[in-house]
Amino acid sequence: MTKKILRVLAGETLQTPPIWMMRQAGRYLPEYRATRAQAGDFLSLCYNPDLAAEVTLQPIRRYGFDAAILFADILLVPQALGADLWFVTGEGPRLSTITDAQGVASLKPADAVHETLAPIYETVRILSRELPSDTALIGFAGAPWTVATYMIAGRGTPDQGPAHAFKRADRAAFSALVDRITEATIEYLSAQIDAGAEVVKLFDSWAGSLTGRDFDDFAIAPVARIIAALKSRHPDIPVIAFPREAKDRYKGFAQATGADCVALDNSVDAGWAASHVQVHGPVQGNLDPRHMVGGGQALIDETRTIVEAFRGGPHIFNLGHGITPDADPENVALMIETVRAG
Ligand SMILES: Cc1c2[nH]c(c1CCC(=O)O)Cc1[nH]c(c(CCC(=O)O)c1C)Cc1[nH]c(c(CCC(=O)O)c1C)Cc1[nH]c(c(C)c1CCC(=O)O)C2
């Protein structure tokens, strides 16, 4: 029997949508916090295949999600390209910065990334052996624009100001950076697929800050290039794209990039998305992750509204962004129960 998520990604409309959740392995789970403590820190956990596989499996055991997502981070690619990367507790990621053409030129070539990323492929191999037979395995990477924003600023930024400034100052050097990330991402995802990933997802968390021609050049073109390269090497592997906060640019995004499915953030109205996005193909989303904190009737009502809105077409139930550390694990169980009750 084909796994439910793969059926939906092939365009099938199911009675009950399959479910998984962004950041489903994370700090809201006590078992995750215990394994992370055992690993020492977040990056050591990412690069330890046995422990990374263990935390990937934890939410599958607890909740029976229809998919597992590889435990890793989008910022491992910059690290593999030669950037320094560390995480500051309570603050988030820090990287050495790329500020000019010379910085871009100093990066390693795309095919050098496997040296650093080999443990991640081992995690995928372990997972493809150990996952239940009805659970799909999702690999992922950051989309080039979002990864570039971290490489330029050296951290997360509220408005991606440094990346926009670099783009304005030297568009050719900025494009060269995006190209290098694009090529590395093709290598990385292709190797995840060779190791056993059955679906891959591209996270463009900051797509919403690109407009007009910049959106075409840096949210669509690199993603389209990655998807075309993956399709030529692995024609049967579906790709989910997540251009977070793309607003009306969600319309036509799957067609413009070749993505098999678009993931919707929680700012998108489900009714609008059903008639403007889902009519053209599968969608994933898009419950506000705040309901995983608040729970109660609001969680039940909003979950039902989303299931109902997307009932007429192919839909994977998910949150509109990652679950947060302050979420209550009981609310996740309530969400799943509500979706599966139809
Ligand atoms: C922008 C981005 C990053 N990482 C990611 C994105 C894109 C999606 C998004 O917008 O959230 C993607 C990501 N990060 C992580 C995964 C694993 C798979 C999953 O469960 O979804 C995935 C797919 C684990 C993680 N990545 C991180 C954690 C928390 C680390 C910890 O245990 O302390 C996890 C579980 C750390 C991380 N990693 C990143 C940030 C900004 C942070 C710090 C913020 C935070 O602490 O939540 C970069």
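Cβ coordinates are placed from backbone N, Cα and C, and glycine is handled just like the others.
TrEMBL has this to say about the protein:
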- 18-27: domain 'Uroporphyrinogen decarboxylase (URO-D)' (DOMAIN)
- R23, Q24, A25, G26, R27, D73, Y150, S205, H321: substrate binding site (BINDING)
- D73: site 'Transition state stabilizer' (SITE)
- 138-154: domain 'Uroporphyrinogen decarboxylase (URO-D)' (DOMAIN)
I'd like the number of other C-beta atoms within 10 A of the C-beta of H321 (substrate binding site), please.
22
Same-chain residues at least 6 beyond the ends of the domain 'Uroporphyrinogen decarboxylase (URO-D)' (138-154) whose Cβ lies under 8 Å from its Cβ atoms
5, 20, 67-70, 72, 74-75, 77-78, 83, 93-99, 124, 160-163, 166, 174, 177-178, 181-182, 185, 188-189, 192-193, 197-207, 210, 218-219, 222-223, 226, 240-243
Whose Cβ, among the binding-site residues R23, R27, has more other Cβ atoms within 10 Å than any of the rest?
R23
Measuring Cα to Cα, how far is H321 (substrate binding site) from D73 (site 'Transition state stabilizer') in Å?
15
Considering only the binding-site residues R23, R27, Y150, which residue has the minimal Cα-Cα separation from D73 (site 'Transition state stabilizer')?
R23
A25, D73, Y150: which of these recorded positions has the highest Cβ count within 10 Å of its own Cβ?
Y150
For R27 (substrate binding site), just give me the three-state DSSP call.
coil
Segment-level pLDDT (mean, integer) for the domain 'Uroporphyrinogen decarboxylase (URO-D)' (138-154):
98
